[in-house]
Amino acid sequence: MAKSRKSQEEIAIEAINHALKALRKRHLLEEAAHAPAILALSRPIISQGSEWKEKADNLELELQQCYKAQSRLSEQLVVEVAESRVSKGLLQEKETAIVDMQKELTELRDECSQLKTDLEQKVKEVELVLSENSELKAQLEQMTTKVNAAEAENKMLIDRWMLEKMKDAERLNEANALYEDMVQRLRASGLEQLAREQVDGIVRRSEEGAEFFSESNIPSNCKYRINAHEGGCASLLFEYNSSKLITGGQDRSVKVWDTNTGSLSSSLNGCLGSVLDLTITHDNRSVIAASSSNNLYVWDLNTGRVRHTLTGHTDKVCAVDVSKVSSRHVVSAAYDRTIKVWDLMKGYCTNTIMFPSNCNALCFSVDGQTIFSGHVDGNLRLWDIQSGKLLSEVAAHSLAVTSISLSRNGDIALTSGRDNLHNLFDVRSLEVCGTLRATVNRVASNWSRSCISPDNSHVAAGSADGSVHIWSISKGEIVSTLKEHTSSVLCCSWNGMGKPLASADRNGIVSIWS
């Protein structure tokens with residue numbers, strides 16, 4: 001475009017120069033043509049007249065017009081020269097812009113070349129990384145193969161070790177079975193002797209391990225009022241053939257009390273959650289606590305140390321019981337909708353039973369082959385401990401079952417529920433043989449525990465108003481109301497020897513009644 005503009009300017013200049021040359025030529029020609037006339041006029045010839053004067057005027061007029069035309073052409077030439085200068089300035093600016101763009105283009109080409117070089121280097125690095133990754137992948141496959149082989153070998157060794165352990169356990173079981181058979185024979189011979197020694201309805205113990213009790217008296221006054229736990233006491237029970245009381249509370253502790261003096265005998269620590277239920281083996285050696293930490297804790301009463309921490313539940317454990325036949329079998333129920341059977345000698349779970357409704361309470365049958373469980377849906381269920389199958393199911397309450405306890409002979413099962421009823425079931429038929437109720441008795445929580453007296457004649461249950469009500473099973477009515485607590489009573493327990501009765505409330509106060 002600059003070249004075309006330049007050519008047009010050159011053509012215009014040439015045209016102007018050509019016009020000036022033609023004008024000068026014409027002017028010279030006119031001067032040459034008028035020269036004779038001027039010479040003639042300059043001569044003093046009288047004979048020439050007005051004709052020549054007119055011609056001179058005309059020629060002078062044409063000359064003036066030529067001068068005017070020359071002036072216009074000069075002005076036009078000045079304008080064209082000015083425009084030519086402006087165009088030249090624009091051309092210089094365009095050339096400068098072109099130079100700048102050429103420089104920028106050169107820089108971009110250099111940058112592109114540098115980027116191309118960097119890209120080639122990066123490609124080489126990526127290829128190197130891919131190569132290293134392939135090598136690492138091959139090494140990983142080799143290591144995985146070695147690990148799989150090691151795991152297979154480890155599993156084989158574990159299986160062999162477990163097989164040896166099982167053999168050892170079987171030998172130990174045989175020894176325990178032989179020992180228990182001998183103990184049963186000794187007890188049988190001892191009970192025969194005890195029957196001969198019965199005096200005034202009181203059976204005395206003449207051989208270690210035999211249980212004895214007297215007719216239960218209806219308690220009437222509070223012998224001791226113990227501030228046992230901070231935050232509440234949810235479970236308590238007596239040792240077998242002993243006056244010692246074991247309590248568990250919200251303060252994550254289990255305590256042993258002497259009910260004869262009301263003093264603290266020992267404390268069992270190590271539980272990581274609130275104690276929701278307690279049980280004890282028949283030899284009074286181990287205490288098992290169900291905890292809100294999803295675990296069960298087993299203490300040795302003699303040393304006060306934790307023997308086992310039984311893990312496996314995924315929610316709070318709210319109920320636990322130990323077999324009345326063998327001290328090695330324990331059952332627990334949690335809010336993960338499972339019942340687990342544990343072997344205390346091995347320290348792990350041997351069976352898991354699943355069900356659709358959370359379980360609040362459970363207990364073993366007298367023969368140790370059946371598990372009674374009370375659920376939030378109000379049903380009472382019976383399970384076979386070996387197979388885990390449901391044996392029977394009955395609607396015990398319209399609301400959640402909170403407590404299950406068996407009579408000493410195992411013929412009667414007492415259940416309590418949030419419908420404020422206490423039902424007595426015939427274990428053989430699972431039919432209700434009695435219902436205890438009172439408008440003043442209100443069950444305080446989902447884990448409120450009631451109990452049957454050792455002589456199977458009375459039932460004790462706490463109430464939300466702080467009272468403890470005692471029913472006569474034969475009469476079906478309240479025969480005593482104990483008032484000492486200032487908050488909801490959560491649990492009651494009768495000593496196996498008939499007295500005393502213990503109760504605990506939501507403030508952690510334990511009352512001993514005589």
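From the backbone N, Cα and C atoms, a Cβ is placed for every residue, glycine too.
Model confidence over the domain 'Autophagy-related protein 16' (52-173) stands at 87, taken as the mean pLDDT rounded to a whole number. What TrEMBL records for 52-173 is domain 'Autophagy-related protein 16'.
According to TrEMBL, the feature coiled coil maps to 56-189.
Per TrEMBL, repeat 'WD' is recorded for 226-267 (among others).
Per TrEMBL, the feature repeat 'WD' maps to 268-309 (among others).
According to TrEMBL, the repeat 'WD' annotation covers 310-352 (among others).
Secondary structure by DSSP for the repeat 'WD' (361-393): 0 helix, 20 strand, 13 coil. The repeat 'WD' annotation in TrEMBL covers 361-393 (among others).
Under the heading repeat 'WD', TrEMBL lists 453-481 (among others). Counting residue by residue with DSSP, the repeat 'WD' (453-481) contains 0 helix, 16 strand, 13 coil.
Long-range neighbours of the repeat 'WD' (482-514) within the same chain, counting only residues 6 or more positions beyond its ends whose Cβ lies under 8 Å from a Cβ of the stretch, are 211-217, 219-238, 240-241, 243, 245, 247, 249-251, 257, 259, 262, 444-445, 447-455, 460-470. Residues or ranges marked as repeat 'WD' by TrEMBL: 482-514 (among others).
When Cβ-Cβ distances below 8 Å are used as the criterion, the repeat 'WD' (268-309) is approached by residues 209, 231, 234-237, 239-242, 246-250, 252-256, 315-322, 324, 327, 330, 332, 334, 342, 344, 347, 447 of the same chain, each at least six residues removed from its ends. Cβ atoms under 8 Å from those of the repeat 'WD' (453-481) belong to residues 213, 215-216, 218-220, 407-409, 412, 414, 416, 422, 424, 434-436, 438, 440-444, 487-492, 494-498, 501, 503, 505, 511, 513 of the same chain, restricted to positions at least 6 beyond its ends.
For the repeat 'WD' (268-309), the number of residues in each DSSP class (helix H, G, I; strand E, B; coil) is 0 helix, 22 strand, 20 coil.
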